[in-house]
Amino acid sequence: MSKTDDVGKAFDFRLFKRIFAHTKPYRGIFWLVALVAILSAAFAIGIPILVKNIINDSLESKDGQQLLTAVMWMLIFLLGQVITQLLFNYYANLLGEAVIRDIRIRLFEKMTSFKMTYFDNSSIGVLVTRAVADMQRIGEIFSQGFFMIVADVLKMISAAIIMIVINWKLALIVFAILPVILIATRLFQQAMKVAFIEVRAQVANLNSFVQERIAGMKIVQLFNREEIEKEKFRVINEKHQNAWLKTVWYNSIFFPVAEISNSIGIGLVVYFGVVQNIENVSLDNKGAIVAFFFLMDLLFRPLRQIADKFNTLQMGMVAANRVFKILDTDSHIADEGSLERKDVKGDIEFKDVRFSYVKDEEVLHGISFQVKAGETVAIVGATGAGKSTIINLLNRFYEIDSGHILVDGIDIKEYTLRSLRSHIAIVLQDVFLFADTIAHNISLRDESITTEQIEDAAKQIGVHEFISSLPGGYQYNVKERGTMLSSGQRQLIAFLRAYVSNPSILILDEATSSVDTYSEQLIQQATDKITEGRTSIIIAHRLATIKKADKIIVMDEGKIIEVGTHKELLKKGGYYNDLYTAQFMAEEVA
Ligand SMILES: Nc1ncnc2c1ncn2[C@@H]1O[C@H](COP(=O)(O)OP(=O)(O)OP(=O)(O)O)[C@@H](O)[C@H]1O
Ligand SMILES: [Mg+2]
């Protein structure tokens, strides 16, 4: 968070209009909130006037009936104030929540359309903050900022006018204190702004520190880092505490000072009104003095708080600005194709494909290969050779720099993204599972996939027994990222996920981590089954998979260096032969 983000600039009306444009679907609520804000101010202002009348007229005249009527009016006004405040609170919050719900949905929708490069370059923490904390701030524009400012300004202006009408000399005396309060408020505000920037920075530090340590707890414990991390955490906590205490300190100074100026005001009114007896206030107009006490409160209190509310408004706008920046970001894969295919055969061709994740750092240097429909092709090569990159390109997670990728002889750019991806299923190297049941992790909540279908598929690829053995079977909740399962088991779930979607093209990025023999067997069996009768590209680390492939593509440093069957490549005695000798010989002997 940069400093310029937070320090208020001149009020940005365009941004303000854009935020308020989101209230359009809620016009009725908007005007209701505006109305009750004004009414609540009116009731607040009415009370001092009633008090003055009660003291001056009703009490003086000793007319019981008149007094009763006056008290009734007082009650009505108090009740009016209570009801309008209640309505204001509820509907202002409702409006805020409705607006941020809409913006949040649009933001999420936008995020899901971004291409992978966007996420490669963004921090998860920051995006989460945009979707959650910043949204809350935007909501506060409505619940605590804008309308309250309007109501407060109304209150202050009317209080000032009524004071002048009742007794302009006393009013002027009261106004003389205003600069003191204004200056104190201004100083307080500036100090708080700086303090809050520090608080927020420390909160962000705390967040990311805790988040990272929890995610990496294994490393912390494994390397006995507990003490060191604790010490680091202590330091961050202390900074956070100090930052907070600073804001508490400013509050502790400001509010007594503000109270004192209120009391000084009361003192001045009493002195000049009663003692000096300006224009005979004291004798025949006691009510005016009491009314002034009330009116002063109506003038000073909002004045003290208005800066705070303006700050809330400003912070909401800063947050909105950040969120709108994401909404305005154009970083999706151009979905300009129009081809929708219900079925594809599954021919794949890469034609001299060049690609770089980061500009000028080419990762794939002219990749060309062909896979015929129904074939199984294994890609092998050293780590970092560019194997996973190839599959990132086939389903257009990234755009290639040059060359062509064809499915069924047609450039993949001509398909709609939805159509293209509907024919390709991928089991990634790191299986990602949602904190949900196994059944939902397989169907991805696609309603058209029934429980029977899932179980049937599981039986076919031979994992039904394993899933049934889990507590709750298919309803077993795997918790965040599937932590309740082993990596081999997660892989099997991912296989099933790919299998039920029944794709024409299957891509499998085998995990490099070794799994136990039993899982290994299950995975092998499942691999055989799901590759059956469809085009399969397997980034293979297992010898069994490689040997069964119709074709092996050997990659090194972003280039294809050999292509052939297991036997052909061994006979050739090149890179593959070396790889085989180094990695798999022992495995085969065993
Ligand atoms: N998202 C990314 N942004 C930038 N560079 C990346 C990204 N992903 C991979 N790379 C780089 O691209 C190159 C190829 O990576 P790739 O993941 O394709 O390797 P791989 O052959 O799958 O390796 P492994 O066998 O370890 O999975 C590597 O040099 C890697 O550093
Ligand atoms: Mg990889």
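Heads up, residue numbers simply count up from 1 along the chain you see.
Any Cβ shown, glycine's included, is placed from N, Cα and C.
Annotated features in TrEMBL:
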type	residues	note
TRANSMEM	28-51	transmembrane segment
DOMAIN	31-315	domain 'ABC transmembrane type-1'
TRANSMEM	71-92	transmembrane segment
TRANSMEM	145-164	transmembrane segment
TRANSMEM	170-188	transmembrane segment
TRANSMEM	248-274	transmembrane segment
DOMAIN	348-582	domain 'ABC transporter'
Problem set entry | Remote residues contacting the transmembrane segment (145-164) - C-beta distance under 8 A, at least 6 residues beyond either end | 33-34, 37-38, 40-42, 44-45, 48-49, 88, 92, 170-171, 174-175, 291-292, 295-296, 298-299, 302-303, 305-306, 309-310, 312-313, 316
Exercise. Which residues, given as numbers and ranges, are at least 6 beyond the ends of the transmembrane segment (170-188) yet have a Cβ under 8 Å from it?
Worked result: 160, 163-164, 250, 253-254, 257-258, 261, 264-265, 268-269, 272-273, 278, 281, 288, 292, 296, 299-300, 303-304, 307
Problem set entry | For the domain 'ABC transporter' (348-582), mean pLDDT (0 to 100) | 89
